[in-house]
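Record features, source TrEMBL:
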- A:D78, A:D80, A:D82: Mg(2+) binding site (BINDING)
- A:C79, A:C95, A:C102: Zn(2+) binding site (BINDING)
- A:31-104: domain 'Phosphoribosyl-AMP cyclohydrolase' (DOMAIN)
There are 2 protein chains.
Amino acid sequence: MTELRMPELKLDADGLVAAVIQDDATGDVLMVGYMDAEALRRTASEGRVTFWSRSRQEYWRKGDTSGNIQVPRSIALDCDGDALLIRVDQTGPACHTGARSCFFTPVDMVDAGEP
Amino acid sequence: MTELRMPELKLDADGLVAAVIQDDATGDVLMVGYMDAEALRRTASEGRVTFWSRSRQEYWRKGDTSGNIQVPRSIALDCDGDALLIRVDQTGPACHTGARSCFFTPVDMVDAGEP
């Protein structure tokens with residue numbers, strides 16, 4: 001069995017770090033979930049993205065119910081250790097609404113373009 | 001003055017949502033910061049990404065000190081209202097270390113490739 005070197009995570013008050021999930025094929029950001037060290041260890045060792053569900057307070061291996069699994073292709077930790085970026089092969093939609101990405105609601109901006 | 005329709009944010013225990021910053025030109029994920037409704041309002045109205053700094057407990061308009069500003073090109077809220085995706089024009093490096101992106105530390109994975 002391969003020994004994984006797990007990085008030191010800087011956990012928030014809930015004991016979690018944010019995990020940004022990016023489509024490895026398109027570069028689209030699909031969703032943000034949360035992980036503790038055990039969720040990261042499972043993700044890296046099982047080859048299936050596993051979050052900690054803040055609402056259900058349990059581990060949540062993405063796709064076990066829906067079939068819309070995420071296979072990690074690379075995992076990176078940020079400079080201060082409190083966020084992960086995971087590039088994945090996404091099967092089906094990432095969002096529970098059926099959308100490919102969870103980020104489908106635009107927020108207004110003041111138009112800063114030239115007249 | 002343009003009236004901005006601000007979305008309802010689902011704030012965490014600290015009163016914040018995660019904001020994923022993506023390079024609009026390359027698709028690279030540059031960093032994750034945190035925002036409250038006021039930081040989002042400033043970001044959308046001033047055309048400069050502004051975070052709430054959890055360590056310094058103050059608003060932090062990215063680049064005011066370093067010059068490495070972020071100009072938002074689009075802002076999207078996720079399906080459950082607790083994360084933002086902001087595509088930006090990034091001047092200089094996004095990371096305080098001088099790296100283009102904060103996500104430069106790879107995390108080991110068990111090799112799932114074929115033999």
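Note that Cβ sites are derived from N, Cα and C of the backbone, with glycine treated the same way.
Structure coloured by features recorded in TrEMBL.
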{"residue": "A:D78", "record": "Mg(2+) binding site", "contacts (Cβ under 8 Å, 6+ apart)": "A:L84, A:L85"}
{"residue": "A:C79", "record": "Zn(2+) binding site", "contacts (Cβ under 8 Å, 6+ apart)": "none"}
{"residue": "A:D80", "record": "Mg(2+) binding site", "contacts (Cβ under 8 Å, 6+ apart)": "A:K10"}
{"residue": "A:D82", "record": "Mg(2+) binding site", "contacts (Cβ under 8 Å, 6+ apart)": "A:L9, A:K10, A:L11, A:D12, A:V17, A:A18"}
{"residue": "A:C95", "record": "Zn(2+) binding site", "contacts (Cβ under 8 Å, 6+ apart)": "A:L30, A:M31, A:S101, A:C102, A:F104"}
CB neighbours within 10 A of A:C102 (Zn(2+) binding site), counting all protein chains shown, number 25
Confidence over the domain 'Phosphoribosyl-AMP cyclohydrolase' (A:31-104), expressed as mean pLDDT on the 0 to 100 scale, is 97
DSSP assigns the residues of the domain 'Phosphoribosyl-AMP cyclohydrolase' (A:31-104) as 10 helix, 29 strand, 35 coil
